[in-house]
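Peer 1: Here TrEMBL flags Arg75, Thr76, Arg125, His153, Gln156, Gly281, Pro282 as carbamoyl phosphate binding site. Residues annotated as L-aspartate binding site in TrEMBL: Lys103, Arg186, Arg240. Residues or ranges marked as domain 'Aspartate/ornithine carbamoyltransferase carbamoyl-P binding' in TrEMBL: 22-165. The domain 'Aspartate/ornithine carbamoyltransferase Asp/Orn-binding' annotation in TrEMBL covers 172-318.
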Amino acid sequence: MTSATIRPASDYPPGGDAFRHRHLTGIAQLTPWEISYILDAAEQWVELNRAGAAKHDDALRGLTIINAFFENSTRTLLSFEIAGKRLGADVVNMHAAQSSVKKGETLIDTAMTLNAMRADAIVIRHQSSGAVQLIADKVDCPVLNAGDGRHEHPTQALLDALTIRRRLGRVEGLTIAICGDVLHSRVARSNILALTLLGNEVRVVAPPTLIPPAMERMHVRVFTDMDAGLDGADVVMMLRLQNERMDGAYLPSPREYHALYGLTPQRLAKAKPDAIVMHPGPMNRGVEIDSNVADDPARSTITEQVEMGVAVRMACLDILTRRTRKVPGWN
Ligand code: ASP
């Protein structure tokens with residue numbers, strides 16, 4: 001029996017024992033109570049971020065955070081940058097387009113260069129699954145995964161869990177349908193891991209060509225019929241068709257995809273009457289989701305997810321730097 005099965009999610013150990021990891025490379029490493037610990041820590045930052053003009057804390061004053069993004073990003077990069085700055089850190093962004101990677105530098109050499117700059121935390125997005133772990137193994141400071149290939153996007157799953165918990169009052173015992181391009185989605189993978197770990201029924205709803213193999217090993221129910229997959233769901237999480245990761249034709253056409261798997265008001269009616277609609281962004285309106293669903297404030301949590309993203313990333317940066325900041329109880 002693992003510690004995850006004997007300790008309920010709401011009951012985490014005191015001090016530094018609440019989160020023993022040096023890095024945040026994936027949800028796969030976490031226990032339910034470690035996830036809850038981050039979500040609870042994030043709540044205080046939601047309050048701070050809503051506190052009018054004084055959105056600032058100096059917990060990370062004097063620390064340098066490098067955001068090393070080898071793949072494009074709008075909201076995740078901005079969110080990590082705002083999170084670091086709101087905690088008082090110096091934040092530097094490195095875009096791959098301007099970096100030596102384009103000149104042929106290996107990932108390990110890039111890691112050693114970043115390490116020599118003596119950053120206090122490095123946030124990495126990379127197009128290859130496993131690249132973030134490779135860098136984490138080589139550097140002296142905490143590393144946070146901001147998305148690696150099709151593998152994981154842990155802060156997205158954490159912000160999604162926080163959004164669900166705030167909207168529905170809990171993030172356990174729910175039926176959650178994750179719909180769309182699951183095959184190419186690190187968001188889906190991290191969410192499946194987090195939401196099953198927290199004790200929810202997770203369904204995957206997609207055309208057969210966009211369902212990864214061996215899904216049953218991830219303890220999800222697979223549906224190829226959207227109406228059946230949404231039936232009685234508390235949460236409908238839509239995913240973008242990740243065309244940039246497709247190396248062939250997975251679908252006849254976006255129009256046909258929308259006809260069978262697009263979230264319309266009629267289709268949403270299959271879910272519970274108060275079901276919420278989520279999307280990690282960027283959205284393809286009219287493909288996986290209709291505007292009148294995406295823009296319905298009673299159902300859609302899309303802007304709230306962005307807001308929770310800043311708070312969750314503040315919590316992760318704060319928690320992961322506590323040992324180097326020598327916060328009492330964290331050694
Ligand atoms: N922004 C998310 C990601 O980085 C989802 C997406 O790109 O569709 O994986």
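Sequential numbering from 1, following the chain as shown.
Even glycines carry a Cβ here, placed using N, Cα and C.
I'm curious about the neighbourhood of these features; can you describe it?
Peer 2: Taking the Cβ of Arg75 (carbamoyl phosphate binding site) as reference, residues of its chain lying under 8 Å away and at least six apart in sequence are, in sequence order, Gly281, Pro282, Val306, Gly309. In the three-state DSSP scheme, Arg75 (carbamoyl phosphate binding site) falls into the helix class.
Non-local neighbourhood of Arg186 (L-aspartate binding site): Ser129, Gly147, Asp148, Gly149, Arg150, His151, Glu152, His153, Gln156, each in the same chain, at least six residues away, with C-beta under 8 Å from its C-beta. DSSP assigns Arg186 (L-aspartate binding site) to a helix.
With DSSP classes pooled into helix, strand and coil, the tally for the domain 'Aspartate/ornithine carbamoyltransferase Asp/Orn-binding' (172-318) is 60 helix, 24 strand, 63 coil.
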Peer 1: If the carbamoyl phosphate binders are Arg75, Thr76, Arg125, His153, Gln156, Gly281, Pro282 per the record, what's the largest distance between their Cα atoms, in Å?
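Peer 2: Max Cα-Cα spread across the carbamoyl phosphate binders: 16 Å.
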Peer 1: So which binding-site residues out of Arg75, Arg125, His153 are up against ligand 1, CB under 6 A?
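Peer 2: Those binding-site residues that pass the cut-off, since their Cβ is under 6 Å from ligand 1, are His153.
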Peer 1: Under DSSP, is Gln156 (carbamoyl phosphate binding site) part of a helix or a strand, or is it coil?
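Peer 2: Assignment for Gln156 (carbamoyl phosphate binding site) reads helix.
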Peer 1: Other Cβ atoms within 10 Å is the metric here; tell me which of the binding-site residues Thr76, Gln156 scores highest.
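Peer 2: Of the binding-site residues Thr76, Gln156, the highest Cβ count within 10 Å belongs to Gln156.
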Peer 1: Starting from the Cβ centroid of Arg75, Thr76, Arg125, His153, Gln156, Gly281, Pro282, the recorded carbamoyl phosphate site, name every other residue in that chain with its Cβ within 8 Å, sequence order please.
Peer 2: Ser73, Thr74, Ser79, Ala146, Gly147, Val187, Pro280, Gly309
Peer 1: In sequence order, which same-chain residues at least six apart have a C-beta under 8 angstroms from Arg125 (carbamoyl phosphate binding site)?
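Peer 2: In sequence order, Ala68, Phe69, Phe70, Glu71, Ser73, Thr76, Leu77, Asn145, Ala146, Gly147, Asp148 meet the Cβ cut-off.
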Peer 1: Helix, strand or coil at Arg125 (carbamoyl phosphate binding site), per DSSP?
Peer 2: strand
